[in-house]
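**Student:** The following feature annotations were taken from TrEMBL:
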- 9-43: repeat 'WD' (REPEAT)
- 51-82: repeat 'WD' (REPEAT)
- 93-134: repeat 'WD' (REPEAT)
- 135-176: repeat 'WD' (REPEAT)
- 177-218: repeat 'WD' (REPEAT)
- 225-259: repeat 'WD' (REPEAT)
- 260-292: repeat 'WD' (REPEAT)
- 308-346: region 'Disordered' (REGION)
- 315-345: compositional bias 'Basic and acidic residues' (COMPBIAS)
Amino acid sequence: EDPSLERHFKGHRDAVTSVDFSLNKKQLASGSMDSCLMIWSMRPQMRAYHFVGHKDAVMCVQFSPSGHLVASGSRDKTVRLWVPSVKGESTVFKAHTATVRSVHFSSDGQTLVTASDDKTVKVWTVHRQKFLFSLSQHINWVRCARFSPDGRLIVSASDDKTVKLWDKTSRECIHSFCEHGGFVNHVDFHPSGTCIAAAGTDNTVKVWDVRMNRLLQHYQGNAVVNSLSFHPSGNYLVTASNDSTLKILDLLEGRLLYTLHGHQGPATCVAFSRAGDFFASGGSDEQVMVWKTNFDAADYGEVLKTQKSGSSVDGTHHSLSSERDCGVHLKKTKTQDSGRNHEQQEDNSLANALEHIMGQLDVLTQTVSILEQRLTLTEDKLKECLENQQKIIQNKAN
């Protein structure tokens, strides 16, 4: 069955720059050149939240892994952290000196990596909201930066035509991939963490192995590729291009599966939901579209179960395969017998409870941080008043 358009969101007043699903698929965040961040509800008849705070275009948005926070980066040089609720309160991170193009949470939700036109990649702590360090070897704007699934590596893509791989602990650049004929708009890690895909203004998508640092796959399109997203199974990649199309690539077969026409004008961003059953896209036409994945449903449901239980037969755990097929190697395993389903459910409820606690912590941290900001403002005002008083007293004495 082909992918199909499920929902259609209209509300932005300028090009949409970025889209991301929350963990539970109940919400979808989008950023736009209209300086607004919007949170759409996937449930019908639910109103969208409209967050105003950035002073200029919002270039990127992402939900935290728990779904209780949303990060955004803007042309106003700041990064904001929002609680996606009615109040829409946010705290501001300032350290970049130019447009922030990309925000990404580590999979444990503890750290944030941002990329900017100031040619740096910066890493921050989420809970203490502190700037930690900069990675600065790019010699042009950095469009995108992402953590590896295990959080040990960072990949960044730049207008200097390179994709750089960094070790987060040593903060050193391990490798530079320089095979692009144009700027690199977007980059991301395969769910296995063994390879990366990069989208370029030279109309290509390239997939590299990060262990051997070699090119695995090369897809030549006929328009600039603005964004890409891996399906959680690791078998598919969806791209958004300037020719207004979304393309779904089959990484196992190394071929184009579908071309989808929905946007009028360039498709600017695209993202799969965390379970892979939906993907969302945004465009210059100010629209956000949600698509039902449909393809290979039985197949990837099976694959995801296998990944969760970690019971890969050959022990490679969906690593990338040999040169022979340059694809992603996945052994299918049957789901466990029903005896173990019970354990699975208990695990799930425990995971959900932990998820909830983490979320509550996120919100508490955020609230404390907002209070701290207000306290600082009050202290500053008090200081100002005291200084003014001193001046008045001195003037009188003189």
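Just so you know, glycine gets a Cβ as well, placed from its N, Cα and C.
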**Student:** In the repeat 'WD' (177-218), how many residues does DSSP put in helix, strand and coil?
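**Tutor:** The counts are 0 helix, 24 strand, 18 coil.
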**Student:** Kindly say whether the repeat 'WD' (51-82) and the repeat 'WD' (9-43) touch, using the definition of 3 or more Cβ pairs under 8 Å where each pair is 6 or more positions apart.
**Tutor:** yes
**Student:** Can you give the mean pLDDT for the repeat 'WD' (135-176), rounded to a whole number?
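**Tutor:** Result for the repeat 'WD' (135-176): average pLDDT 94.
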**Student:** Please list the DSSP helix, strand and coil residue counts for the repeat 'WD' (260-292).
**Tutor:** 0 helix, 20 strand, 13 coil
**Student:** Let's see if you can do this one: DSSP helix, strand and coil counts over the repeat 'WD' (9-43), in that order.
**Tutor:** 0 helix, 20 strand, 15 coil
**Student:** Below 8 angstroms Cβ to Cβ, which residues of this chain, lying six or more residues outside the repeat 'WD' (9-43), approach it?
**Tutor:** 49-63, 65-67, 70, 72, 74, 80, 82, 84, 268-275, 277-278, 280-290, 355
